[in-house]
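These notes are about the structure you will find just below.
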Amino acid sequence: MGQLIFNQPSEDKSALEDAGDFTPRFDDRGLITAVVADAGDGELLMVAHMNAQALALTIQTGTAHYFSRSRGKIWKKGETSGNLQTVKEIRTDCDQDAIWLKVEVAGHDATCHTGRRSCFYRTVTLREGKPMLDIVDDERHFDPQDVYGK
């Protein structure tokens with residue numbers, strides 16, 4: 001499998017919006033935002049970032065790869081936990097600066113490193129003038145200590 005190269009995005013807005021060429025617009029750090037949802041029920045699972053190499057690997061292999069800003073490297077989602085994400089569909093937004101992955105999650109059907117299905121397991125509420133977090137999905141599909149040793 002050869003290296004997948006993305007062409008530079010067009011300056012022509014209509015070309016970005018209506019043409020058939022996928023020319024992702026990476027930010028000044030070389031990243032694009034990836035919104036990830038379950039292919040079956042549409043639940044929002046996570047938001048991550050990809051560089052060109054992670055996006056190319058995802059397209060070529062059908063398995064989600066992301067770029068870790070904190071570790072400064074690419075990771076295959078679920079490689080340690082067994083919760084690999086098989087990509088069923090990739091969409092891009094109108095100006096091609098974000099992508100939306102629809103995935104099936106293997107293993108424990110959990111995406112979050114906390115063991116939960118989704119990274120979005122809390123709501124933000126206002127109590128006594130202070131923003132607070134409330135857990136709305138506390139079901140853990142695996143124990144992070146067992147999987148990651150943390």
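The chain as shown is numbered from 1 upward.
Even glycines carry a Cβ here, placed using N, Cα and C.
Summarising the annotation, Swiss-Prot assigns Mg(2+) binding site to Asp93, Asp95, Asp97. Annotation comment: Swiss-Prot describes Cys94, Cys112, Cys119 as Zn(2+) binding site.
What Swiss-Prot annotates, mapped onto the structure for a quick look.
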| residue | record | contacts (Cβ under 8 Å, 6+ apart) |
| --- | --- | --- |
| Asp93 | Mg(2+) binding site | Ile99, Trp100 |
| Cys94 | Zn(2+) binding site | Leu16, Glu17 |
| Asp95 | Mg(2+) binding site | Lys13, Leu16, Glu17, Arg25 |
| Asp97 | Mg(2+) binding site | Pro24, Arg25, Asp27, Ile32, Thr33 |
| Cys112 | Zn(2+) binding site | Leu45, Met46, Ser118, Cys119, Tyr121 |
What is the number of other Cβ atoms found within 10 Å of the Cβ of Cys119 (Zn(2+) binding site)?
17
Report the residues of the chain - excluding Asp93, Asp95, Asp97 - with C-beta within 8 Å of the mean position of the site's C-beta atoms, for the recorded Mg(2+) site, in sequence order.
Leu16, Arg25, Thr92, Cys94, Gln96, Ala98
